[in-house]
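What follows is a single structure, written as structure tokens, with notes after it.
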Amino acid sequence: MVHIQADGARSTAVILVAAGRGERAGASSEGPKQYRRIGGKPVIVHSLLGFADLLPQATLIVVIHPDDGALLANALAPYPQLAASLTITHGGKTRQQSVLAGLRALRNQKPDYVLIHDAVRPFFDQLMLQRIIARLDDGADAVLPAIPVTDTLKRGDEGARVVDTVARSGLFAAQTPQSFHFAKILAAHEDAASAGREDFTDDAAIAEWAGLTVHLVEGSPDNVKLTVKRDLEMADARLSHNALPDVRTGNGYDVHQLVPGDGVTLCGIFIAHDQALSGHSDADVALHALTDALLATCGAGDIGDHFPPSDPQWRGAASRIFLEHAANIVRDAGGTIMNADISLIAEAPKIGPHRQIMREKLSEILGIALERCSVKATTNEKIGFVGRGEGIAAIATATVVFQGKPQ
């Protein structure tokens, strides 16, 4: 990651505007659109992490709605260092009021530059920020990232009839972060508020009204504002497509003693035998090992944590219950089970004749394709307790893919 710094000793602040309600994106249990998840993280977190990475020396001000404190705290819970670096202030009824609140929060610090950014534009990039800072360093009072309008523009009337085709030459679509010399944009905002002007749609317009020259720099086609539900869906798809695969492997091992009996249960299949496996449940050593392997992929402890042998309710229980529980934990954590592999170590009974039905049982329990389930067996060459026929051991490996981290 390349860090961007202003020229010399100039200080920089970023105001992230996140006080909107986002009605056009529709209702969601996650809250306003800046708190909805794309690529596994809330939109606002993507934006904050971007500035923290690219402008690590900048002061970060987050302007939120007074009702959104808990939403922001929850969004930042996995990022305590980032959360500790932020200054949080409450916005007003309009974006203009919210930006002014953010500017006022910087009055004591008096940074040289301030970048004002919509929290729901998480796809700004390094090159665009470099162009903005360079233009400020060159002496510009106000810098606006923008992209040329490429669509043909039509003006319509109240009857939904085209009355004019607007020449697109010289027209640009404004983006953020809109960036300024701090003292000048603060004064412009204060003057606009004193004049009762609440009709500005962006900060560059206030700068123009105040007589500042606004300089254009090249924006980014990717730096879109997430406005409606479809925007959020497309952003999530984009991040998921670009994600680095989060492939996790868990291992499990278990062993049970053989005692006199009439058969053993392995991989959920009962096999007639002159011995049985001793255990609190049905002693299915294979499913116990695989249960631990699955739990390991998401740091969820081991089988004893979830089904303690001291609990009488699990006496004689079918071990598929344990495996199903572990699989549900993995799925609830966002994981997809890709492969389950079990190696049984036993002198007897013979596993080969039952291997296929064991694989089918694993496929059924886990809800994954048969080709993703493997059962193998070997003896211990008459060595040790397994070699003496005193027990059966199992080693299991589970492969799980979780939603990846965007690049």
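Each Cβ is built from the backbone N, Cα and C atoms, and glycine gets one as well.
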Original post:
Swiss-Prot has Asp254, His256 binding divalent metal cation. Which one of His215, His280, His288, His306 is in the same site?
Top reply: His288
Original post:
Nearest to Asn380 (4-CDP-2-C-methyl-D-erythritol 2-phosphate binding site) in three-dimensional space, by Cα, is which of the recorded sites Arg24, Arg168, Lys225, His280?
Top reply: His280
Original post:
Max Cα-Cα distance in Å among Asp254, Val255, His256, His280, Ser281, Asp302, Ile303, Gly304, Thr378, Thr379, Asn380, Glu381, Phe385, Arg388, the residues listed as binding 4-CDP-2-C-methyl-D-erythritol 2-phosphate?
Top reply: 30
Subject >> All-chain count of other Cβ atoms within 10 Å of Arg168 (site 'Positions MEP for the nucleophilic attack') >> reply: 13
**OP:** Go through Ser281, Thr378, Thr379, Asn380, the listed recorded positions, and name the one with the sparsest Cβ surroundings, counting other Cβ atoms within 10 Å.
**Re:** Thr378
